[in-house]
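Report on the following structure.
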Amino acid sequence: MSPLLRRLLLVALLQLACTQAPVSQFDGPSHQKKVVSWIDVYARATCQPREVVVPLSMELMGNVVKQLVPSCVTVQRCGGCCPDDGLECVPIGQHQVRMQILMIQYPSSQLGEMSLEEHSQCECRPKRKESAVKPDRVAIPHHRPQPRSVLSWDSAPGASSPADIIHPTPAPGPSAHAAPSAVSALIPGPAVAAADAAASSIAKGGA
């Protein structure tokens, strides 16, 4: 559908929605219900930031070592319909919002701060087409998916946090370039062996 035809259709529908009175599903006075107008339905369905509920485990991509309360939060994310099937609703503006989350690990609990991504502007853009991968080549991802949220700790003074736990570094093993042992130092090299052979031959000739 061309953009001009789409605009003409939208104008015609707007005029029809303004001139036509809404008709209730039930004619009886006891069953009268409010009918949402077409313009309101269209406005609610457009691509825009809207409040959604997201699980924190999904935001952190499974990097959760403690129980989080609450286990899900509400954030503003892009969503809605686009006028063409070849378009998708994507964010063109985002920012970070910090929230306090209670982290529980028996027998203690502490408050932490979580930085979550929120969308402020959305737009319908062409869908990304996946590039064809040749069977004799292995597809290598350009980037590794990163979590949308970052969890930081706000512990009480003196309390240890995961960032404070230092894992001991294993003791270095024997080096591959270690000095030769005493046994190997006693074994004559090729030059020493040649000199000994020459000295033996001279001694035999003199005898």
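Any Cβ shown, glycine's included, is placed from N, Cα and C.
Quick caveat, the model's predicted, so the values are computed rather than measured.
Looking at the candidates CYS47, CYS122, CYS124, Swiss-Prot gives CYS122 as the cysteine bonded to CYS78 by a disulfide.
Candidates considered were CYS72, CYS124. The record in Swiss-Prot pairs CYS82 in a disulfide bond with CYS124. Long-range neighbours of CYS78 (disulfide bond) (same chain, six or more residues apart, CB within less than 8 Å of its CB): CYS47, GLN48, PRO49, ARG50, CYS89, VAL90, PRO91, HIS119, CYS122. Compared over the disulfide-bonded residues CYS82, CYS122, CYS124, the count of CB atoms lying within 10 A of a residue's CB peaks at CYS122.
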